[in-house]
């Protein structure tokens with residue numbers, strides 16, 4: 001049985017700013033771009049969240065919700081330096097570390113000799129070390145599998161931790177809302193709700209074959225997660241190459257206008273996912289994916305260093321030139337993330353030639 005810890009810093013960027021600039025403490029602040037430049041919130045503190053401000057929200061809208069919101073420009077180099085300090089703390093307890101972003105990581109402490117092998121005590125020690133050395137608080141989730149550890153880290157925020165023991169899993173997942181499962185966004189949650197599926201117990205009672213037929217590979221993943229199963233191990237060298245969102249349509253659509261109507265929700269969800277899991281990574285391309293009624297698919301991509309709504313619509317128009325009167329059953333958008341060592345090109349490619357990792 002694995003012992004997995006998911007460590008998540010509390011309001012990381014905002015917390016660093018409040019640490020370095022004490023005059024910001026106790027006030028609603030957000031790290032993000034200026035509203036007059038169509039900026040987006042990267043993160044905000046808890047004072048701002050009380051007004052409904054959230055990550056991936058347009059700065060202009062955030063200011064409408066919270067007129068006293070203080071917008072702070074990001075200092076990425078500082079955040080990276082603090083992240084290195086946090087990583088050094090992790091390495092005292094285990095070498096099996098899978099970073100998800102600058103402020104978040106999975107740790108496998110199954111064979112760690114520290115704290116008498118107790119994952120709970122190791123998590124407490126890690127959080128105490130981080131606080132002592134950086135002045136920042138962290139929350140943690142402890143569980144036998146990755147996705148439950150990630151969920152658990154949210155249950156006692158800020159500056160807390162939550163343990164899901166092996167004997168707790170069955171009861172814990174019964175009432176777990178599906179929206180809490182990593183990979184289930186608003187679009188997928190709506191489709192599941194339309195089937196009467198709201199919690200893991202609902203999925204457990206649903207015919208597996210129908211779920212797999214409707215959701216493909218993700219249907220299999222959903223069935224496993226609903227039972228508390230997650231076969232993934234820690235990947236120390238893991239580097240996410242892309243972040244994407246796609247939707248299988250309730251019925252085939254045929255026109256560009258119909259496709260354009262689907263795009264806003266996809267783009268909004270993509271922005272949220274990038275903010276959650278890749279906010280410290282550099283975007284190098286945008287991609288639109290279409291799957292047709294004959295199950296053949298195509299992708300169009302173009303170089304971009306940010307999420308441009310207009311570019312997504314331009315790529316959609318180009319992809320639709322390959323429709324040839326076929327119905328459209330799936331639409332997807334994604335961004336490619338640059339590796340520290342790789343180079344990219346901006347040529348259009350067909351999905352048969354490139355796995356975009358949707």
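Every residue, even glycine, has its Cβ placed from backbone N, Cα and C.
What Swiss-Prot lists as domain 'UmuC' is 4-185.
In three-state terms derived from DSSP, residue 103 (Mg(2+) binding site) belongs to neither a helical nor a strand segment and is classed as coil. Take the CB of residue 103 (Mg(2+) binding site) and look out to 10 A: across all protein chains shown you find 24 other CB atoms. Per Swiss-Prot, the feature Mg(2+) binding site maps to 8, 103.
The site 'Substrate discrimination' annotation in Swiss-Prot covers 13. Of all Cβ atoms in the shown protein chains, 29 besides its own fall within 10 Å of the Cβ of residue 13 (site 'Substrate discrimination').
Summarising the annotation, Swiss-Prot assigns active site to 104 and lists sequence analysis as the type of evidence. There are 22 other Cβ atoms within 10 Å of the Cβ belonging to residue 104 (active site).
Looking at residue 103 (Mg(2+) binding site) and residue 13 (site 'Substrate discrimination'), their Cα atoms lie 9 Å from each other. Rounded to a whole number, the distance between the Cα atoms of residue 104 (active site) and residue 13 (site 'Substrate discrimination') is 12 Å. Rounded to a whole number, the C-alpha distance linking residue 8 (Mg(2+) binding site) with residue 104 (active site) is 5 angstrom. There are 19 other Cβ atoms within 10 Å of the Cβ belonging to residue 8 (Mg(2+) binding site).
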